[in-house]
Every structure is written in C-alpha cells, then in structure tokens.
There are 2 protein chains.
Amino acid sequence: MSFQGEQYPGVQTPTVDSEGFRLNHTMLRIKDPEKALAFYTRVFGMQVLRRLDFEEMQFSLYFLARPEAGERVPEETAERTAWTFSQRGVLELTHNWGTEDQQDFAYHDGNAEPQGFGHICFSVPDLEAAQAWFDANDVTFVKRGDQGKMKDVVFVKDADGYWIEVVQADRMKGKGD
Amino acid sequence: MSFQGEQYPGVQTPTVDSEGFRLNHTMLRIKDPEKALAFYTRVFGMQVLRRLDFEEMQFSLYFLARPEAGERVPEETAERTAWTFSQRGVLELTHNWGTEDQQDFAYHDGNAEPQGFGHICFSVPDLEAAQAWFDANDVTFVKRGDQGKMKDVVFVKDADGYWIEVVQADRMKGKGD
C-alpha cells in the first residue's frame, strides 16, 4: 500500500478525473526583466526556457526552470514551448512593458498588507554554502538560518522584493510539532 | 551541445554555486483549511504530504503535491518531511488559526491592486475534459478556453480566490509572437 496522503477535514481521495494534472508553474510580475533575469539565472541557476511576447497587449512572459541533470530540453522552439508547459518547478515572470522606466513603480510582495501569496522556495544541497553564495552576490536577506524561531530556514528577497525561502531538505525532518 | 537557455539582457550562465538548487514550492495563505484541502485534493488530485503545526505561533502549514505515477512517497514521517522539501511542484498552504471563523476575512489574490503574484498553473492532459470536471465541481471560472484573446488558456479560482491557470501543454506550441 503506497502513501495515500495525510487525512484532515476536507481531504478527499483523488479520482481518475484529475489524472495527469501537474503543478507546472507560479507566475510573478516583475518590474525590470534585465534585473530579474540576472537574479534568477545567476543566483539560482535558472535558464530561460522560453519568452513569449504579446505585442498587442504589451507584455512578455519569461518561463524559467532549473533542468535536472540528464533532462534534455528540446532545442526546437515549438517543442520546447510544449515541454515547458509539461514540467514541474517552472517560474513564470510577467513583464508589462515600460514598468522598468517608472521610477516609483514596484510590485506588491504579498507579505505586507494586504497579505496573500507568501513566497517561493528553493531547496539546496548545503544551506551554509548557499548563504555564502547569496552574500557573495549581495542578495538581501529577510532572515538567515540562525535567526528567528525557524532555525535552518533562510529567506532572501529577489530583485522585485518577493520572498524566496531556502532550505536544505534533510534538515527539515524535525520541523513542526 | 544541450540547450543553454534563451539569451536576453541580464541572463547569465549558471555556475557550480547553484548546482542542485531546486524550485520546491509556492506558498499561499488560506482562510479555511477544510475548504482549501477539499478543493486541491478533490479538484486537482493533490495529496497532503505533510502538515506542520506551530502551536506557539498559532499557524499550520500544509504541503501538497501530486506525486507522479511510480514515485514512492515515504511512509515514515521524518523521511517524508525531508522528501517533501526535495521535490518540485509542491504547494504550501499556510493557515493562521482562527481566520476561518472571521466572516469578513479574505486574502488578497495579487491580481486586484496592489498587484504582484499572479497565479499558479496546472497542465492537464485534456483541456475540455478538465473544464467539464471543473463544471461538475462548481468551480468558478475567470475565463474559459474559448474566451478572451488567449485561446486554450483557462483560468479558475481556488477556494480563497487565487487564480489557477490550466493549460494543455501541446496546445501551447504556437503561443506568443
């Protein structure tokens, strides 16, 4: 018998109707693609799988991921587009053209009021090495792993101020009651 | 030579410093876990991999995913916790205790002002079948696949009003300019 999920009020057993559904991506709006792409490609090692431009509506979408070792990303554009939408762990960045030139423009991070979205999270092989790498890149910390009540949990900010949690999976075993 | 990512201003080549980094989860705050868990387990077929309770800080975290066929989720709790934090495509739902009893309480979806986070997205094997399934479950549509300028792109709302994009990967090939 395989793991069927922890049972809590509201939880139901999946049916065949949702077979093959896959959590593909999370979308965040960004002010300046040059800064956001520099951040996510350099600091978090992501690749731009695909940019989609919508001239009439004046926006561009950037789909980023960090392909695993051995995963083959298709070179051909249409195939790569379909591949992008069939993966897990993709980050979509939406750029409404011109926001990068508006000095006071900023997006809402979801943690200040009104609250909603909280953060995205990366797991890393070595939390201390990751923190040193963030320091080497002048990344802004919300908290370090040795600060606050949640030990071993790091939060940094991306180029737009969105929070990114950073954890080392094997150090999360004892979390929670 | 494997695909190295599309090149745009700001894009850099990943270094060894980010090797093994993995986009693990996205966190959304929810008002009522019973409603949110019913929605994500029934409609999108997710399982609760792990709940973490923080008594002192009065909140609980629910980590949900849709394990792929053949993936073995560890039964043992500590192992399952570590496994949860090493996956891609995990959804974390944060419940601050008591919000479910506050009649006027609601979280901000990020699409009304002030904007920031936009949506999460699921890919599905058959877009029409998915829409019929959403209808059968009285899911609220933001738009159907035949509405608006973005054909074949569906948006629905979750139990808290967050937007969920739903696409069929092979029908996204021709999107964008």
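Glycine is treated like the rest: Cβ placed from N, Cα and C.
TrEMBL annotations: computationally assigned, not manually curated.
According to TrEMBL:
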{"type": "DOMAIN", "residues": "A:22-169", "note": "domain 'VOC'"}
{"type": "BINDING", "residues": "A:Glu92, A:His119, A:Glu165", "note": "Zn(2+) binding site"}
{"type": "ACT_SITE", "residues": "A:Glu165", "note": "active site, proton donor/acceptor"}
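Across the range of the domain 'VOC' (A:22-169), the DSSP-based residue counts are 33 helix, 50 strand, 65 coil. The 10 Å shell around the Cβ of A:Glu165 (Zn(2+) binding site) contains 22 further Cβ atoms across the protein chains shown.
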